[in-house]
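Chemist: What follows is a single structure, and I will ask about it in a moment.
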Amino acid sequence: ASTTIKFALFSALTLLSLQAVVSVTPLHFQHPLDPLTKEEYSLVQKIVLHKYPKVAFHYIGLDDPEKDAILKWESFKPSVITIPRKAFVIAIINHQSHEILINLRLKSIVSDTIYTGNGFPTLSVDEQSVAIELPFKYPPFIASVKKRGLNISEVVCSTFTMGWFGEEKSTRTARLDCFMKETTVNIYVRPITGITIVVDLGLLKIVEYHDRNVEAVPTAENTEYQLSKQSPPFGPKQHSLASHQPQGPGFQINGHSVSWANWKFHIGFDVRAGVIISLASIYDLEKHKSRRVLYKGYISELFVPYQDPSDEFYFKTFFDAGEFGFGLSTVSLIPNRDCPPNAQFIDTYIHGADGSPIPLKNAVCVFEQYNSIMWRHTETGIPNEFIEESRTEVNLIVRSVVTVGNYDNIIDWEFKASGSIKPAIALSGILEIKGTNIKHKDEIKEDLHGTLVSENSIGIYHDHFYIYYLDLDIDGTHNSFEKTSLKTVRITDGSSKRKSYWTTETQTAKTESEAKITLGVAPGELAIVNPNKKTAVGNEVGYRLIPAIPAHPLLVEDDYPQIRGAFTNFNVWVTPYNRTEKWAGGLFVDHSHGDDTLAVWTKKNRDIVNKDIVMWHVVGIHHVPAQEDFPIMPLLSTAFELRPTNFFDRNPVLKTLSPADVVGC
């Protein structure tokens, strides 16, 4: 049954504004982009195990349906068109990587291919759990701990991927770093420095071990972040705020489909990508129809290269989505902490190495955020009149948190009634610390490759490069990419008292090479436009990218980590849509050689004029740690905006009412 809140005062126009109808409706059919269900995971497990009794599942996900089929389905819904559900599996069987496609309706394997290229699948949580216990049965490690005067019962270890550094052939190996947990759970700030442990993930045994030098283990003092373990005084003091929506939430969640204000979209979930936003369309009040903006968007990869070239750290050049899985690393959100009291939550499933479905409660939250001003003006220029108008802005947030080791990534998709989509990232968690005998900056005699954030503690310099996959379909699938430059014009003919002004010059990128953009070099604007649709006054409808503060890679292009992370060489890329080109760092990222990346695909230099195109945007942070980041880091945020540019004929929220002006019954 559904509960509907109606507003007596308003017409259908108002109902499509911020005060949308609220309804909790049961899911009557499965959306073709819904994540795999518990039953589907179990079915995949059963089908594969029937053929291969011994198998390790490293990826199970929905095989992307053909885009044309999805668009037709959306037009006619399931009464006319049904789309067969398929699952794509990456599994290791007899030490070989298999790519398996399964038709879930027919309950059969469609294809089964052995991958013979470079790189390996995402690491499984299960094999990492086994690997981190190996040192405690390894005599040389036990001796190393004893030599340092440490209690081995207070030691914990963690896995780190090793990357690729020119070797012709790689094996599936991982490094282990170990930490002290006595008197604090903040293990990452208490590393045991000087020990190298390499584990063969196929054999699950230690294959390399070195104990180079002994450095002091940083103290546990003032590193505890658990409230239950902290003692007064607390501060600074914050006052509580009671939030209340007397008319209920302004959004409706039906399965994984969301309706809010003038937006409709679908929330998917993948064990590698995490949250996926699909089929985002906005209702145009003047045209009386929904108009497509985004077919699909998600974070394709996160590249985190640390900047310490020593034996202790050189390998720490992580690809968090491809090596560890954003979905596998998604954590349950904490109500009233990670999400406000007015949030609603979506549960999902991930899988274990044996293929079994694992429930993930509160994987995503959806809530409305009251952000003060949508638009305003005070008019004092009319004699004998004083006019002031202001509208309250209410936005919709889709949030998830991905915790990969020491870092927590708070990932938001913010929808605005004005038509903008604002993806945002906020970093928290623990710095990657390297132990040292140095206690004061005056003792530093050489480059530490980081900041001395506390006694015996170096916070290592590093980068965070997120690359977003953004399949924008602006009012249709056939779009173009426009680059608008801002040019200074000098006035030399005496026609004005001014000596200069600036104007614009717009070019349409014809090929992939012309769409490789380094931001921050010169002023300009970037937009995806539909050359086949124009506004009433003749402008091409479009959406522009308002980028985050640009960050560019500082590694040389022939450095091995940068070869693998070459998708960061530019801040913006545009490619023709290709269903198989999903992962900017390649399908098999662990130990990859950089031969299956966005940078490689775009060497084809394909045509992108009036085509179905995808924009890729790199959002980066150069992180120079500071003492305030220690022992746990306050949020460090960045965001960009996809903003309508000549998409509407005028301000689409001109007649939107503020919540305080709504009179309901």
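Backbone N, Cα and C define each Cβ position, glycine as well.
Positions annotated as signal peptide by TrEMBL: 1-23. TrEMBL lists 122-214 with the feature domain 'Copper amine oxidase N3-terminal'. The region 'Disordered' annotation in TrEMBL covers 225-245. Residues or ranges marked as domain 'Copper amine oxidase catalytic' in TrEMBL: 243-654. Annotation source TrEMBL lists active site, proton acceptor at Asp320. Taken from TrEMBL, the feature active site, schiff-base intermediate with substrate covers Tyr407. The 2',4',5'-topaquinone annotation in TrEMBL covers Tyr407.
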Chemist: Please work out the number of neighbouring Cβ atoms within 10 Å of the Cβ of Asp320 (active site, proton acceptor), leaving out its own Cβ.
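Modeler: Counting Cβ neighbours of Asp320 (active site, proton acceptor) within 10 Å gives 23.
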Chemist: About how far apart, in whole Å, are the alpha carbons (Cα) of Asp320 (active site, proton acceptor) and the residue listed as 'active site, schiff-base intermediate with substrate'?
Modeler: 10
Chemist: Looking only at the domain 'Copper amine oxidase N3-terminal' (122-214), report the model's average pLDDT.
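Modeler: The predicted confidence over the domain 'Copper amine oxidase N3-terminal' (122-214), as a mean pLDDT, is 96.
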Chemist: For the domain 'Copper amine oxidase N3-terminal' (122-214), DSSP counts of helix, strand and coil?
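Modeler: So the domain 'Copper amine oxidase N3-terminal' (122-214) is made up of 26 helix, 29 strand, 38 coil.
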Chemist: Counting across all protein chains shown, how many other Cβ atoms sit within 10 Å of the Cβ of the residue listed as 'active site, schiff-base intermediate with substrate'?
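Modeler: Its Cβ shell of radius 10 Å holds 23 other Cβ atoms.
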Chemist: Within the region 'Disordered' (225-245), count helix residues (DSSP H, G, I), strand residues (E, B) and coil residues, in that order.
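Modeler: Its residues divide into 3 helix, 0 strand, 18 coil.
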